[in-house]
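Please read the structure below before turning to the comments.
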Amino acid sequence: MDGGNRSGDSEFLLLGISERLEQQRILFWMFLSMYLVTVVGNVLIILAITSDSCLHTPMYFFLANLSFTDLFFVTNTIPKMLVNLQSQNKAISYAGCLTQLYFLVSLVALDNLILATMAYDRYVAICHPLHYVTAMSPKLCVLLLTLCWVLSILYGLIHTLLMTRVTFCGSRKIHYMFCEMYVLLRLACSNTQINHTVLIATGCIIFLTPLGFMIMSYVWIVRAILQMPSASNKYKAFSTCASHLAVVSLFYGTLCMVYLQPLHTYSMKDSVATVMYAVVTPMMNPFIYSLRNKDMHEALQRLLGKPFQRLTR
């Protein structure tokens, strides 16, 4: 790698989606609102699950960790985006850019693996309900979550280390809002074939394999539900899976638009799709999981009702 990448004046310019001042103001307030909604929504989910003993089950254990991941995910990107939208200095250091890239890649992978783990939890709960307590023991849940973290950390390290081998000798203007994998590879003036090959290969392992597992899980889940004699039991089983399916569809829909394509075809429309999974998906998850979930509704009511109860005493 060229030593210039490590020099003190080595930096990138995050120019954002638009350079027009009036559009930047609109984007600032839009992203600030989305960030606040995301933070409040995910913090409420975490507090409701941790404070309510009724929600101390594997499904909500993984949901709380998904909310934590989403919270960390948006905090990695949006604050810097907001600063750039308000500031004339839009520079980010080479080390800062790689740090942002590492957490972005790792947390996307972690989101995906947790969703796959939640699909397994629903499979055991619906297809093998009598063995659910023993099959999804606390020890196994912690082990599965640890495995998700280890794999996502390794995934992020692989791509970040490979990016340090890339040379940037031309323009470092990024017409985007954060340091994203394909954007950086498009700026490279060295051969990035290894990066792209590893990205596709590891992506198939870390994303398509869990997706295939989730599809197979839901095939068995649907078969089990259709065999249930009671219509109320069918509705209850479907409702517990609907939220998860909605989040998976939103997550993979935007992700596939960006990464399942050749590098040379990457364009601005794909950067908009990246904003979708980086900003919109974490914001929507709390709403999706709470709107159709009676237990979560009740837990949130109890959580939010406590301060008012203290005030009225």
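Heads up, residue numbers simply count up from 1 along the chain you see.
Each Cβ is built from the backbone N, Cα and C atoms, and glycine gets one as well.
Because TrEMBL annotations are produced automatically, they should be read as predictions rather than curated entries.
So that you can see what the record holds, here are the features copied from TrEMBL:
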DOMAIN    41-289  domain 'G-protein coupled receptors family 1 profile'
TRANSMEM  26-47  transmembrane segment
TRANSMEM  59-79  transmembrane segment
TRANSMEM  91-110  transmembrane segment
TRANSMEM  142-162  transmembrane segment
TRANSMEM  200-226  transmembrane segment
TRANSMEM  238-260  transmembrane segment
TRANSMEM  272-291  transmembrane segment
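Looking only at the domain 'G-protein coupled receptors family 1 profile' (41-289), the predicted model's pLDDT averages out at 85.
Non-local neighbours of the transmembrane segment (91-110) in the same chain are 5-6, 10-14, 69, 72-73, 76-77, 80, 148-149, 151-153, 155-157, 159-160, 163-164, 178-181, 184, 206-207, 255, 277-278; each lies 6+ residues outside the stretch with a CB under 8 Å from one of its CB atoms. The stretches the transmembrane segment (272-291) and the transmembrane segment (142-162) are not in mutual contact, being linked by fewer than three Cβ pairs under 8 Å (pairs 6 or more apart in sequence).
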